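For 329-339, the entry in TrEMBL reads compositional bias 'Basic and acidic residues'. Feature annotation from TrEMBL assigns compositional bias 'Basic residues' to 702-717. Residues or ranges marked as domain 'LRRNT' in TrEMBL: 15-49, 362-396. Per TrEMBL, domain 'LRRCT' is recorded for 292-340, 643-689. According to TrEMBL, the feature region 'Disordered' maps to 329-358, 694-729.
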Amino acid sequence: LLLLTAALGATAAARCPAPCVCDNLRAHVLCLNGSLMAIPDTTPELTKKLDLRGNSFMVIPAGAFLATPYLTHLDLQRCKVERLEEGAFRGLGRLVYLNLASNSIALLYQESLDGLFSLQQLILEGNRIEEIQPGAFGHLGSLTVLDLRANALVYLPDMVFQGLQVLRWLRLSHNALHVLGSEAFAALPALRRLSLDHNELQALPGEALARLDGATRLDLGHNPITYVAEEALAMASLRHLFLDHASLQDVAPDAFARSPQLRVLDLRQNQLQGLPPLAGAGGLARVSLDGNPLLCSCLLRPFHKWLARARVQAEGACAAPPALRGRSLDSLKPPEMRCGRLRTPPSPTTPLEQPRAAGSRQCPRGCVCSPDFHHGSCENRDLREIPRDFPRDTRLLDLHRNPFRTVPPDAFPGLKELVSLHLQSCSIRALHPGALRGLESLVYLYLTDNHLSTLAAAAFEGAPQLAYLDLDHNAFTHVPAGAFRLLPNLISLHLQHNAIGELAEGDLAGARGLRWLYLAGNAIRHIAPAALAPTKMLEKLQLEGNHLSEVPTAALWGLPALSELKLSRNPIKHIGDSVFLPVASSLQHLYLDNMGLERISPHAFTGLGPKIRSLYLESNKMSNIPDMSNFTGLEILNLQDVPFHCDCELLPLRRWINKLNLRVGATCGSPAEARGLKVKLSTIFLTCPGWGRGEAGETNRNKTKAASKPSKKKRSGKSPARGFSKSRA
């Protein structure tokens, strides 16, 4: 057995792929922040933990990990992954942890995660997921944690999480959710915690939440909810409810009567002037009201008496009248709470819920209609005209890969509940005025891979809720000016891989709620100073792969929320002073890689500082970079394939990166004697004026480590501890 183990270890060591580090004793392989373009196929078969963070895979193909069937942990963070092919993880039946955070995945298909029947944690935070097809998680019967934070979700269809029988924590924070199917959470019997904070929910989604009998904690903070209605929440096991930083103006007395186990209610930072006695919440122990404009008049006495009678601890202070301003609720006495002329503002009215008509069960010939999921599909049926007579309660309609060529007026009669419409690859050249008329619930419209070259605003008449519009891979030579005037709720606009030559003033008129604008892969040479002016809420601007020759500084003014700017693969040779100043207070992620960049001015990053979390400068031609010592919040810094000239002028950079707990990949390109050496390890700095004794000692230690480190092919013992530390990049 010992001989066999040794033989397997030797074989594994011999197969360690470059430029990876293999720890055969622990069966770990690390290939961090490299230039890998494909999953390495020479990874030792017995590998259990594979860390591939910071590479450039773009697509995870089917069967990508068949050579490593013993994997239990797989980390693919920051690998620029855009697509998971069906069967990508097939063969990984032992995998328990999969991290796909900080990639560019936009859609999860039904078979994307096939084969992961032992998976317990799935991290998809920080992608571009706009839609999840029901069944995408159907093979993950062991999953306990699903992290979908910071994606682009607007809608959750019914049964979308079907198959997750043991899931305990579902994280949906920091999306743009405002539509939840009534059965969205119906298949989650073991769920204990649901995070829905930082979304766009305008009302408590009571019908959807009522399916969660076992959930004990619900996070709904940072949603624009104004009112909690009578018996709005029916969650039998709920103990902790967070509704902080919302827009609450009123709460009904029996709002929580059907959540008898509720113990903690967090209502901080709302617009509440008072509360009624919450008689229905008999088990409540604490209510947090800090940050509300509480009016401590006689109108608050019933609530105050109820607090004492029910022995509920209340946190909060009076905002009025002036005599009581700042007084804590628990210090008040009833006689102090007088009315005088004060009047309470009227409570917001609760809109009456309209009865939902049951959808009929007809289905056009040649199509498939699912009454359980409310889906209709006529995919790839060689249809020349858009079929009609779908069930009236259809919510997702998939018509892609049919040669329709045109979408006529009133093409989708009776589909008032339709949320998602797929018209990709349909040879569409014209979307006629009124084509979407009547689709009053439509949120997603996919028109990718068609032949559209123009759009009129009237084409979107009757679809006011449209939030996601995908026009990638069409024939636009300019942004269809004024086309978005009838789309007040548009959040995400995709115009990638068209032939757009410039972004002109007025092109985005009406898109006042736009948050994400994707313009990669066009031919944009110029952006007018006022072109982005209507999009004051813009958070992401992706301009990679265009023909810009300079940073469009003038167009960035008036974008106070912009957090991500991608300028990769533009022929920008020089970055001047203060070019990012207009967005310096909000920018967190900056992409300047693969541009052939030759020079960065000393003050190019003026205004930027601790807020910057990631900076990509790899694959450029400059030999030095300006001082970035105030970038104290960096989590990712990529300086690979930059030909740094390692002389004394580079000493400040060397000192700075030596202090970072990051793998930056900086290497010397010149002089000849230093070429190929890591900047951190180069001895050329020893002769520089001001070189400190402590720095010299550190360099000598690095040299000793580098000289004594066994080659990767012969490595069989433990790798250096820092190779497996929690270094973030």
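The backbone N, Cα and C atoms fix where each Cβ goes, glycine too.
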Tertiary contacts of the domain 'LRRNT' (362-396), as residues 6+ beyond its ends and Cβ separation under 8 Å: 134, 157-159, 181, 356, 402-405, 407-408, 411-420, 422, 441
Taken over the domain 'LRRCT' (292-340), the model's mean pLDDT: 90
The domain 'LRRCT' (292-340) - residue tally per DSSP class, helix then strand then coil: 22 helix, 10 strand, 17 coil
Residue distribution over DSSP helix, strand and coil in the domain 'LRRNT' (15-49): 0 helix, 7 strand, 28 coil
Secondary structure content of the domain 'LRRCT' (643-689), with strand meaning DSSP E or B: 20 helix, 8 strand, 19 coil
